Amino acid sequence: MTKYIFVTGGVVSSIGKGIVAASLGRLLKNRGLKVTIQKFDPYINVDPGTMSPYQHGEVFVTDDGAETDLDLGHYERFIDINLNKYSNVTTGKIYSEVLRKERKGEYLGATVQVIPHITNEIKEKIMRAAKMTDADVIITEVGGTVGDIESLPFLEALRQMKADMGSDNVMYIHTTLIPYLKAAGEMKTKPTQHSVKELRSLGIQPNILVVRTELPVSQNTKNKLAQFCDVNPEAVIESRDVETLYSIPLALQAQNMDQIVCDHLKLDAPAADMTEWRALEEKVLNLKKKTKIALVGKYVELPDAYISVVEALKHAGFDFDSDIEIDWVDSQELTAENVAERIGSADGILVPGGFGDRGIEGKIEAIRFARENDVPFLGICLGMQMACVEFGRNVVGLEDAGSAETNPDVTNNIIDLMADQENIENLGGTLRLGLYPCKLKKGTKTAAAYGNEDVVQERHRHRYEFNNKYRQLFEENGLVFSGVSPDNRLVEIVEIPEKQFFVACQFHPELISRPNRPQRLIKGFVGAALANKESK
């Protein structure tokens with residue numbers, strides 16, 4: 001029978017629930033258990049696809065095309081599993097489904113209410129995710145903090161799960177903050193006590209407390225929390241600030257958190273073999289080189305908007321024994337006059353995805369600088385589209401080359417709306433989303449980066465594409481289309497072969513990178529950037 005673990009948060013948001021959940025998932029997986037994981041987001045949006053990156057951060061796309069919370073990226077990278085549309089559930093999705101059923105008459109004339117209809121739908125989403133993956137354990141994180149009005153239906157559903165499934169099959173983990181008051185010289189447990197009190201008032205008694213802290217938590221403090229929160233002292237787990245996130249699973253294991261979970265859920269599983277993970281941590285903490293990458297974006301004020309890109313760069317750096325120094329460059333501030341001064345010291349230049357016309361010309365200037373000065377370059381999604389626009393303007397000679405997304409009236413629309421997108425009115429969930437195949441051209445830098453495979457699979461999130469009526473003209477001027485869809489209709493990857501590394505892709509390679517298995521195109525870019533640095 002599937003076991004259910006629910007992770008909630010208290011005191012403050014952004015406390016690291018997602019990393020705790022992902023780390024526990026890794027520990028249980030390394031015990032030989034089949035693990036899946038999901039995130040509940042209490043906002044009313046159906047998904048984050050139309051939300052501003054400034055409000056939500058990155059939108060993480062799964063293989064099946066779901067636009068999801070960035071925590072799913074942490075889950076996939078830590079546990080090394082591919083998630084799906086059932087792994088991220090929002091209030092908007094729940095209410096949409098309940099209202100759809102009501103309109104179809106599936107409730108047989110009943111008055112539709114939060115309890116039982118909304119809570120039943122929430123529970124159905126939990127059990128469906130577990131059933132689809134045949135998981136031994138499903139971990140469900142609830143976004144926000146206990147006390148938020150938006151999360152009440154989710155917490156009520158979690159409370160009901162214990163009665164539905166039995167106490168031996170359900171476990172509650174509560175993550176909180178223990179602030180340190182320098183003036184008093186002590187840690188304060190009262191916020192955690194009140195958070196647990198609030199959770200218990202909703203009918204949920206946590207089995208484990210994970211306390212976020214800057215400093216070590218004394219045994220006396222743990223005993224105090226155990227007494228007031230009614231948990232065992234050994235179930236008060238310290239989550240101290242660490243140098244790298246990859247230390248957290250090992251820190252939790254050192255405190256027997258995974259064993260406590262297995263004991264409570266009556267899971268007979270061998271101890272987790274974390275040898276490979278420990279070697280990864282050792283490598284990460286002792287990198288000998290440093291590579292500087294200029295990340296030229298329009299949302300750089302909020303690094304979470306590019307979190308998978310940053311993590312994928314780090315993964316690639318691990319393979320070269322190199323730390324990655326990110327130079328965050330606001331594309332709105334780049335001009336032809338200051339671009340050399342601003343990004344001239346970078347070992348490599350990366351232009352990531354985005355939407356809209358703000359900051360576009362700055363991205364184009366960064367790409368021009370990379371091409372003209374042979375600085376290793378990687379363009380992703382919008383970065384690929386702007387690389388084609390820059391090539392059209394400054395190499396092909398189409399001075400008014402542009403994108404129909406940012407200028408619908410442009411004459412030379414190098415980037416145009418995909419044919420199957422022309423009559424779509426709704427913005428949400430209508431992009432080209434999910435995993436698609438890409439056929440590689442032999443003898444290219446792209447093919448070499450992928451180990452000379454014929455076809456690769458990558459995740460996409462876009463509405464516009466390269467306009468094929470310009471393909472021959474661009475090829476005649478030196479741009480190589482090194483990756484296309486199997487039917488040859490969609491340009492997936494372009495490159496300039498005589499450069500050290502000038503590659504741009506329509507898909508999002510960062511979404512499938514893993515700490516022990518870096519995405520190959522990004523690894524090729526980082527390798528070229530490091531070689532560029534060493535040749536200076």
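The backbone N, Cα and C atoms fix where each Cβ goes, glycine too.
Features as listed in Swiss-Prot:
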ACT_SITE  Cys381  active site, nucleophile
ACT_SITE  His508  active site
ACT_SITE  Glu510  active site
BINDING   Ser13, Asp148, Ile149, Glu150, Lys188, Thr189, Lys190, Pro191, Thr192, Gln193, Lys224  CTP binding site
BINDING   Ser14, Ile15, Gly16, Lys17, Gly18, Ile19, Asp71, Arg240, Asp241, Val242  ATP binding site
BINDING   Tyr54, Gly354, Leu382, Gly383, Met384, Gln385, Glu405, Arg463  L-glutamine binding site
DOMAIN    292-535  domain 'Glutamine amidotransferase type-1'
- Query: If you measure every Cα to Cα pair among Ser14, Ile15, Gly16, Lys17, Gly18, Ile19, Asp71, Arg240, Asp241, Val242, the residues listed for ATP, what is the largest value in Å?
  - Reply: 19
- Measuring Cα to Cα, tell me the gap between Lys188 (CTP binding site) and Leu382 (L-glutamine binding site) in whole angstrom. 47
- Message: What does the structure give for the C-alpha distance between Ser14 (ATP binding site) and Tyr54 (L-glutamine binding site)? Integer Å is fine.
- Response: 15
- Note on the structure: Top of the recorded positions Asp71, Asp241, Glu405, Glu510 by count of other CB atoms within 10 A is Glu510
- Task: Could you measure the widest C-alpha to C-alpha distance across Ser13, Asp148, Ile149, Glu150, Lys188, Thr189, Lys190, Pro191, Thr192, Gln193, Lys224, the residues recorded as binding CTP, and give it to a whole number of angstrom?
- Result: 31
- Averaged pLDDT, computed only over the residues in the domain 'Glutamine amidotransferase type-1' (292-535): 93
- Ser13 (CTP binding site) falls, by DSSP collapsed to helix, strand or coil, into coil
- Query: Looking at the recorded positions Gly18, Asp241, Cys381, Gly383, Met384, which has the shortest Cα distance to His508 (active site)?
  - Reply: Cys381
- Rounded to the nearest Å, what's the C-alpha distance separating Gly383 (L-glutamine binding site) and Glu510 (active site)? Just drop the number here, would you? 13
- Message: Need one number for the L-glutamine-binding residues Tyr54, Gly354, Leu382, Gly383, Met384, Gln385, Glu405, Arg463: the maximum pairwise CA distance in Å, whole number please.
- Response: 22
- Indicate the candidate from Lys188, Lys190, Lys224, Arg463, His508 with the smallest number of other Cβ atoms within 10 Å of its Cβ, considering only these recorded positions. Lys190
- Message: Tell me which of the binding-site residues Ser13, Gly18, Lys224 ends up closest to Leu382 (L-glutamine binding site) in space, Cα to Cα.
- Response: Gly18
- Item | From recorded positions Asp71, Ile149, Lys190, Asp241, Glu510, the one whose Cα lies nearest the residue listed as 'active site, nucleophile' | Glu510
- Query: If one looks at the chain holding Ser13 (CTP binding site), which residues at least 6 apart in sequence have a CB under 8 angstroms from its CB?
  - Reply: Gly144, Thr145
- Query: DSSP three-state call for Glu405 (L-glutamine binding site): helix, strand or coil?
  - Reply: coil
- Query: About how far apart, in whole Å, are the alpha carbons (Cα) of Gly354 (L-glutamine binding site) and Glu510 (active site)?
  - Reply: 14
